[in-house]
Structures are given as C-alpha cells and as structure tokens.
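As given in TrEMBL:
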TRANSMEM  A:21-42  transmembrane segment
DOMAIN    A:21-244  domain 'MacB-like periplasmic core'
TRANSMEM  A:281-308  transmembrane segment
DOMAIN    A:288-400  domain 'ABC3 transporter permease C-terminal'
TRANSMEM  A:329-358  transmembrane segment
TRANSMEM  A:370-390  transmembrane segment
C-alpha cells in the first residue's frame, strides 16, 4: 500500500469525527504554541538585554575599586578610594594608541536635583569629554562637556532625557536653564539621545557634569568610582585586561594579585553573565510550556486508545483479510502523527502570532530561529509516534477472532 | 487439498478446560462444495476458525495446499488468509462509510497490488455478483443481500484456494438468501472450493457433501 493512500485513508477516518479530532489536536496546538511563544519571548528578552549591554560601549573594560580593608574589617566592593585620576592618566600614558583607544575616568554618585519646583534623585556622573566616545552617547540638543569645562571646573551639566522629563514641563527647552545639584546651581548645556534603557543601569536617567567639578565642588573626593577603557579590538581585550592589571598593581605597590584593591571586568563578562541568566529564564519558560506539550500528547494517546477500542471489529476484519502487524501499526501511527503534526503546525503559527504581539507590547525584539521551527515539526511528529505507539501496538496485537466477535 | 488430522482445540478459562474440538480428522478435495453443520456449541465455529487460519489447533495438524498451518506465526498466518482464503461472514463485516468498490479492494491492498489493478479487479467481481450499478454505495445504502454479495466479491478478488462462508445466509431475508446460494453454486461450477458453515439443513442440503459436527466430534 502506497504511503499516499495510507495518508488519504487516515485523513478520511479522522474527518469522520471532527469534534473529537479537533479537541485532540487542540492539546498539541496549545502545547506547541506555548513552547514557541514562551521560548521566543525568552530569546527576545535575551537579545534586548544583550543589545542594551552592547549599547554601553564596545570592547569595554571597566576598572572599579576593590573593597576597603582596615584591620580585619572588610568593606563592601567599590568602597575603596584607591582608584585615582592619576591611575587613569598612567594607563593612558602607557597604553593609549597601542592597544587602547580611549580611557575614561568616571566618578558617579546619586544626588538630589531640583529645577523649577520639581525634584528628582538620580545618578550624577563626573566625566571627561571622551566619555561620549567610550559609551556611545550622542547629543540631541546643545553640546556635551568640553576640555574647557573640565579645566575650569565649570558648573555645567548635560541631562539624560529621563531627567529632562522628570524636571521640566513638556515642550520647555531646558538648555540654558539652571538646575540645582545638592544645592549648587548648574547650567544645562545639552541633552543626550535616549538609549531606551530599562533595568539595572538606565542610561537615560543620568546627569553628566565635568569630572573635576564632581570631585572637588560637589562631592569632595579625590578618588574615582570607575575607569572605563576601550580596547582597540575585541581580540586585544584580554591583553589590555592583563596590562592594566599589572600597571595598577605596580602603581598601588601590591605584589600579590589576590590582594588587588581593584577589579577589572570586561563587557564580555557582563554579557555572558546576563546571557546565562536570561538563558536559564528561557529554558525555564520552555520547560513549563513543555509540560503542557506532554499533557497534549497524553490527550492524543487517550483518543487513540478510544479509537482502537471503537474500531476493534474493523481491525479484526483487516487482520482476517490479510493485514500484517506492520500494516495495522502504520495505519494507527499515521493517524496519531497527523493529529500531532497538524496540531504542531497550527500551534507554531499561533505561537509566532502571540510572541509577535507580546514583543510589540513589551517593546522587545521578536526573535525566532529556523532551528526552533524545525525542532517543533520534529517534536510534534515525535509526540505522535511516542504517544501513538502504545495504542497502535495494542491494535496490532488484537487476535483476529476476538476482534471479529467484539460487539 | 485440505487435510485435518487429529485436531483438538481446548480453551482454558482459569482452571476450567473446555474441549471445543476432540480429535477431528477429515479431508476436502479441490473443487468440493462442503457444508459443515451442527447445533450451536458443537464446535463448528472453532473448526471454521482453524480452517480459516484465524486460530491454531491445540494439537493435531492442519495442512492447506501442502503447507502445515499449525507451525506459522502471526504475520505468516495473515499472509495465508490473504492469499488462500476468501471469507464470507454472517455479519458481512464490510467497512462502514466506505464504498462497495473500496471494500472489495481491501484484500488486494494487503497483497501489495497497485491501485489501478485493484480498482479494475474489484469492478470485475462486483459486476460478476450483479452490483455494477451500486459500486459507489456504502454498506448502509445496501440491502443485506447486496452487502453479502459485496462480501462475496471481496472474498474472490485474490482468487483464493478456498471460500470459507460462515452462516452466509443467516442475516438475510429468504428470497435474497436464495440468490446468495445461487452465486455459491455458480462459483462451485466454475471450480471453486467452498466450505460453508451453517445450522440450517435446507442450506446444507444444497452442498455436495455434509460434515456433521456434534460435541466437538465429527459424527457422520
């Protein structure tokens, strides 16, 4: 019997009881649909997190101070005041132009900002002009801070779009107006382009001031909270990490790397940490959806068992007329595979639709891989085989006389 | 052609043993028209199952066309039934919601015959039983006699060694039953071997030879 005929016969049989066929398929539709929707949601989240981390700058290494140790008391990471502007200068002097393209010393702290009666608490970052290059910050209106502002310790500020919307009425241009940071007046000279940041480091909710102003006039500190270093190429990052490490150890007069009072992490470290978190998240969602797929498969098995019982006489007749085991098994397996396959394809369509809608709503990129489509088709066919096998075997094992006598 | 030697069939239900056939031996030659008769519970249905390769004897041998059927496995028995035996059942046993034509092609499907060949052969045999104008009807649209004629056409398509009919007129009005018997007689004249199981003596009387079964034994 040719395959096309088996297929045709199975489809004819399945259309006899349309409601039952529909309900059996529905379980698989929901199972496959939710796997597709949730996995693609997870992958979308992963991509959006990766994009955001990459938007912080490329080939980026960040040096942060380690924890302060006085006697036996270990302070929190970042509490040390050992990282200085001179460290940044030294890195620039020895590596700039060879393996490093930019060195950006930064000092950041949260502060209360007020303007025209509104106030907000946000991150104030003391920067130097190369900050825009390292962190891919663009200006939407006005200008960024210049070397002049740095040298003159001017009280000028560049605002992130979030701060602008928090402090100013819509339509008002903040350029040229005054804001107060911790009680001191600053003149707004520019606004940055929105990066659409969400989550742990919102790059829109930030106020940039000259590094020297931040250190001396605002917060009275001589240390840095971080030094951002951009390597020339991705391949050089490890080398730069080593070179900066040795340079700082030497400058801080430390011989043992385990006692280092600073730490250097690369963007790739953050990226892979974030990826592994979102990857786990995706796997978790997929696993939950997978359970519904198994439930759908059990539904198929149930229906196929009912079908086999109902058609006992038919099976008996077919065996009496010469059907072999494999003929009967094939007949029933094809039926269950059609159920799961059709369910899988419909579920995939539905899942893609749902994930496109979700990604539009939560504004994350929609992502589906060709691999997952192939996987879905394989899995749904496989479910048909796994859950159809037992009913099909049961049918094939029926004794022809018993089956013919069955009422 | 058919040799049944010392065949016993014992059914076990828990501890209870029921002897359905007790040391049965007979022969049927090619081209014979034999009726197997007996009251219900006599063992004639069991005998038919064994002759039809639907069941195996507990002991003894059944040789069909020189082949010892008692030694065969499930799929080999299926092949014997397919090639050598044409079944006609009391309850017709046609596939519901399936046209007469498709029903007749069924044994040929399992014999691996191409689909054009199947349709051609099926049409020939439906014509032979006088149903050329009803080929697209489903069993529900046919009378009992017509359904049984479809079943006879189905039993013939692979040109089997024997036609095994189990109470073929049992579910049919008497006028139509006559027509069915005429078909069997005509087939016998053409040289087919026919074994008919029945409990009606007037039907059995139309056969060449009668084998009477009682309490699991042959009595004549």
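Count begins at 1; order follows the chain as displayed.
Placement of Cβ uses the backbone N, Cα and C atoms for every residue, glycine included.
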Intrachain neighbours beyond the transmembrane segment (A:21-42), with Cβ under 8 angstroms and 6 or more residues off its ends: 14-15, 278, 281-283, 285-286, 288-290, 292-300, 303, 339-340, 342-344, 346-348, 350-352, 354-355, 358-359, 364, 366-368, 372, 376, 379-380, 383
Stretch-averaged pLDDT - the domain 'MacB-like periplasmic core' (A:21-244): 85
For the domain 'ABC3 transporter permease C-terminal' (A:288-400), the number of residues DSSP places in helix, strand and coil: 97 helix, 0 strand, 16 coil
